[in-house]
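Step one of this worksheet: look at the structure below.
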Amino acid sequence: MINDSRFQNIRVYWLAFIAYWGIVLFGYDTGIGGGVVSQTYFKEHFGLLNPDGTTNAAKSDNVSSLVVSVLQAGAFFGALGSAPISAAIGRRWSLLSFMTIFSVGAILQTVAGGSRGIGYIYAGRVVAGVGIGAISAVAPAYVSECSPKEVRGRITGLFQIMVAVGVMISYFINFGVGLHITTGPNVWRIPLGFQLVPAGIMSFGLLTVKESPRWLASKGRNEEAIMNLAYLRRRHVDDAQIRMEMAEIEAAIEEERAARKGLGFREAFLGKGNFIRFVIAVVIFVLQQWSGQNSVNYYAPQIFTSIGYTGTKNSLLASGIYGVVKVVATALFVFFLVDTLGRKMALFISAMGMGTLFFIIGALLKTHPPPKDGADPPPASKAMAAMLYIYVCFYSMGWGPLPWVYVSDIFPTRTRHYGLATASASQWLFNFVLSKVTPTLVTDLGYKIFLMFATINIGGMGVFALLIPETKGRSLEEMDVIFGTITAEKRKADIEKRERAMEHEQNETTSEQSIDKKV
């Protein structure tokens, strides 16, 4: 097989690009809800206005939080339910199945209106949530299992780029609808119906990619596994590097089987070296959700209104620019820094930067409150918007992409689907909590919401980053050594044993072929 080192991992990048179209939907759905609900015709059609035409704040906050949060509720159960399905039928077919479920939910949301009340939107968001929650658990596991260790952080980090792309698209679709469509059901049908576009791209794209070699090996389908591994690395099946990687995968799986013999589901969570990984997976996502970023994501128009960008056009445009900054910052970090800076240092710098900027925004909002008369944003409001844009750069260099990268790193093959499902479920659970309470927090706390998030950034996330082990440049199979499941000496001996066995098998095959030729 002819190789060009510049494109050595092109098939893995293509696989990640396809698998992560479901993650575009993750971002799109988190950004679209707040903008749809803020449209005047939506409020009028679904009874969220007072008799005098003003917004009923209590009703609007309630519907806004429900439209956003019921998606997270469905996603929580989807993420938990994905583990046994992914383990049974594989990563690729799981993604295709869950995308079908998501599409049903998207259609329900789109047809709402007229005699079909807001209940269709709620129901559709729950069903779509089940699909998107499962995809958010399976996709990073799939991509991580197919990626070589040298660029795994970069490829797995594409997750957050795709989230950011989804959020950005949602902001600009809301902005376009807000500018050009003021009445009629298209106010929500265009933004909600657009979800079917990424769904279609991913569904057809999955037909062009291979199953995870590590999942195939865990099912004893070693011939298929090494063929897929060679295909993804663009090398021959007899290449020394392919044989070495396959030996490491098989050694890790054999160790897990031996350690888990006679034990069941409980061992996946409580086995030696496993429990701490689940604790890290849950805590890292709880902290990520309380960083303040998703509050800005979900309710960007309302957040920018609260700091002085009044009027639909101003608030949606400011949100759109925020989305662009997030995509660019995430892409720069993932492609140029994630595999050089290291996980710990990036998380620490990210937390410190976010906390400092939120403290500044809170102080400015307290000392320079925005005008109430709908005038153009004053200099203090522009400064706060600029701080939010810089804040998202710090988020994008650490606490945005790295929790998914880190959690994809730390779990062994046979428990990775449980680990990713647990991590994703905790992410969606606190997503749900945060999206439900954010409208009320923005209304009730004012500037104090930024001080609250700043304290969590520095006091919680910064400290946590210093306590976790570094995983940069380590293979997935080395994580067992890092977390104490097995000693480095035992792992080395197991790999050498597997290499000898594979060499013996290869020699036997060569001898048989020579005899056949002579005959």
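Every residue gets a Cβ built from N, Cα and C, even glycine.
These numbers come from a predicted model, not from an experiment.
Packing against the transmembrane segment (12-42) from elsewhere in the chain are residues 48, 60, 63-64, 67-68, 71, 95, 98-99, 102, 125, 128-129, 132, 135-136, 139, 142-143, 146-148, 151, 155-156, 158-159, 162-171, 173-175, 177-178, 182-184, 187-188, 191-192, 194-195, 198-199, 201-202, 205-206, 208-210, 232, 294, 297-302, 312, 315-316, 319, 323, 431: each is 6 or more residues past its ends and has a CB under 8 Å from a CB in it. Feature annotation from TrEMBL assigns transmembrane segment to 12-42 (among others).
Annotation source TrEMBL lists domain 'Major facilitator superfamily (MFS) profile' at 15-472.
Sequence annotations record features per position, and here TrEMBL assigns transmembrane segment to 62-81 (among others). Same-chain residues lying 6+ beyond the ends of the transmembrane segment (62-81) with a Cβ under 8 Å from its Cβ atoms: 29-30, 33-34, 36-38, 46, 48, 98, 101, 105, 118, 121-122, 125-137, 298-299, 302, 421-422, 424-425, 427-429, 431-432, 435-440.
Annotated transmembrane segment per TrEMBL: 93-112 (among others), in sequence order. The list of residues near the transmembrane segment (93-112) in space but at least 6 beyond its ends in sequence, with Cβ under 8 angstroms from a Cβ of it, reads 19, 22, 25, 74, 78, 82, 85-86, 118-121, 123-132, 134-135, 138-139, 142, 185, 188-189, 192-193, 195-196, 199, 202-203, 206.
Marked as transmembrane segment by TrEMBL: 118-143 (among others).
Within its own chain, the transmembrane segment (155-181) is flanked in space by residues 9, 12-13, 16-17, 20-21, 23-32, 35-36, 39, 139-140, 143-144, 147, 187, 190-191, 194, 198, 297, 300-301, 312-313, 316-317, 319-320, 322-324, 326-327, 330-331, 333-334, 338, 396, 400-402, 404-405, 408-409, which lie at least six positions past its ends and keep a Cβ under 8 Å from the stretch. Summarising the annotation, TrEMBL assigns transmembrane segment to 155-181 (among others).
Only residues 6 or more beyond the boundaries of the transmembrane segment (187-209), in the same chain, are considered here, and those with a CB under 8 A from a CB of the stretch are 14-15, 17-19, 21-22, 24-25, 28-29, 32, 35-36, 39, 41-42, 92, 95-96, 99-100, 102-103, 106-107, 109-113, 121, 124, 128, 166, 169-170, 173-174, 177, 181. The feature transmembrane segment is assigned by TrEMBL to 187-209 (among others).
The feature transmembrane segment is assigned by TrEMBL to 275-291 (among others). Residues 269, 351, 354, 395, 399-400, 403, 406-407, 410-411, 415, 419-420, 422-424, 426-427, 430-431, 433-434, 453, 456-457, 460-461, 464, 468, 479, 483 of the same chain lie 6 or more positions beyond the ends of the transmembrane segment (275-291) yet place their CB under 8 Å from a CB of it.
As annotated by TrEMBL, transmembrane segment applies to 316-338 (among others).
Tertiary neighbourhood of the transmembrane segment (345-365): same-chain residues 291-293, 306-307, 333, 337-338, 380, 383-384, 387-388, 390-391, 393-395, 397-400, 402, 446-451, 453-458, 461-462, 464-466, 468, selected by CB-CB distance under 8 Å and a gap of 6+ residues from either end. The annotation transmembrane segment is assigned in TrEMBL to 345-365 (among others).
The annotation transmembrane segment is assigned in TrEMBL to 385-406 (among others).
Among the features that TrEMBL reports, transmembrane segment is placed at 449-469 (among others).
Feature annotation from TrEMBL assigns compositional bias 'Basic and acidic residues' to 495-507.
Among the features that TrEMBL reports, region 'Disordered' is placed at 495-519.
The average per-residue pLDDT of the prediction over the domain 'Major facilitator superfamily (MFS) profile' (15-472) is 82, rounded to a whole number.
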